Amino acid sequence: MSLPASPIVAFIGGGNMATSLVGGLLASGFTPDQLRVAEPDAGKAQALRERFGIVVAASGAEIAAGASALVLAVKPQQMIAALAGLAPDAGALALSIAAGVRIDTLRSALPAGVHVVRSMPNTPSLYGAGITGLYAPAGTPEATRALADRILAAAGQTCWVEKESDLDAVTAVSGSGPAYFFLLTEAIREAGVALGLSPEVSAQLAARTLVGAAKMVDAGSTDVAELRAQVTSKGGTTFAALQSLEKAGLRPIFTEALRAAADRSRELGDEFAAASRPSIN
Ligand SMILES: NC(=O)C1=CN([C@@H]2O[C@H](COP(=O)(O)OP(=O)(O)OC[C@H]3O[C@@H](n4cnc5c(N)ncnc54)[C@H](OP(=O)(O)O)[C@@H]3O)[C@@H](O)[C@H]2O)C=CC1
Ligand SMILES: O=C(O)[C@@H]1CCC=N1
């Protein structure tokens, strides 16, 4: 199967993540007539029409047929209901961005012949600065993988993992990852206030330091450990702070925190799988 020259992409769900992907696809060369969204909330639907000039229907059943790809962009707990009644073309891609919902669960709610690919994007996708982990089962056509990659590359970088269970770790590292940096910035802001700075000044210093450090990492030429070493003068202030953080066990604290996130991702997968099975009685 080769990719159509102008694939039609239908989004099931028109919320935060779908909006960022639609914007990214249009910026990357897709035309409005190639994109469709199913969104039941009338206000969100109208906002999408006005902002992007695309077709927005109330339900996925109205837009699935004829699409090369369906992007499944509803909340995990809404997914099975959202897939009911869809009639995608045989050979179409069903690209899920939902946390925790496994491929077997998605397949159970979709017609046979649809190629399911799973991904875990993150909220910087809203600004084209995302990183998305993707997984496709063995036997997925190369053209299908290429279409999935092209869709998510519109919101930032992509990387492919070897096993579906790796997506639990991807969710822990990068799916939930922005929140770790936001929490760290909150803690630095509060520590600045404890040192006597006004909340406004401390907030500005902490936020701009986060942005500046991110830009240095984004420059891409130097490893983060080397960037840290460049700030750490011998016996200086940075060394004093880092020694305190290492002594407090910062690294094992993060190892434990990310394991908790990955465990929760796996639990969600189990819960959604159980919920999708027809009840015995
Ligand atoms: N936001 C994040 O940080 C990240 C989110 N994700 C994943 O992306 C997915 C979407 O997240 P996000 O965009 O934040 O969620 P949103 O709630 O912003 O968007 C989902 C949209 O789908 C709508 N919807 C609900 N049921 C249906 C249906 N049957 N058919 C069509 N649309 C429907 C919802 O409407 P209504 O509100 O009326 O229910 C809502 O507008 C989730 O599965 C999440 O796990 C992945 C990585 C990061
Ligand atoms: O917290 C969550 O479950 C979702 C998935 C990754 C980011 N937010």
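Note: Cβ is positioned from N, Cα and C throughout, glycine not excepted.
TrEMBL entries are annotated by machine, without manual review.
Database features, via TrEMBL:
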- Ile12, Gly13, Gly14, Gly15, Asn16, Met17, Ala73, Val74, Lys75, Pro76: NADP(+) binding site (BINDING)
- 9-100: domain 'Pyrroline-5-carboxylate reductase catalytic N-terminal' (DOMAIN)
- 164-268: domain 'Pyrroline-5-carboxylate reductase dimerisation' (DOMAIN)
- 6-31: transmembrane segment (TRANSMEM)
- 52-74: transmembrane segment (TRANSMEM)
- 80-101: transmembrane segment (TRANSMEM)
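Here the features listed in TrEMBL are painted onto the structure.
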| residue | record | Cβ neighbours (10 Å) |
| --- | --- | --- |
| Ile12 | NADP(+) binding site | 28 |
| Gly14 | NADP(+) binding site | 25 |
| Asn16 | NADP(+) binding site | 13 |
| Ala73 | NADP(+) binding site | 28 |
| Lys75 | NADP(+) binding site | 12 |
Let me know the largest Cα to Cα distance in Å among the NADP(+)-binding residues Ile12, Gly13, Gly14, Gly15, Asn16, Met17, Ala73, Val74, Lys75, Pro76, as an integer. 14
What counts of helix, strand and coil residues does DSSP assign across the domain 'Pyrroline-5-carboxylate reductase catalytic N-terminal' (9-100)? 37 helix, 19 strand, 36 coil
So if I exclude everything within five residues of the ends of the transmembrane segment (80-101), which remaining residues of that chain have a CB under 8 angstroms from its CBs? That is, six or more out. 1, 12-13, 17, 21, 59-61, 64-74, 109-121, 132, 144, 147-148, 151-152, 171, 175, 265-269, 271-272, 275-276
For the domain 'Pyrroline-5-carboxylate reductase dimerisation' (164-268), residues assigned helix / strand / coil by DSSP: 86 helix, 0 strand, 19 coil
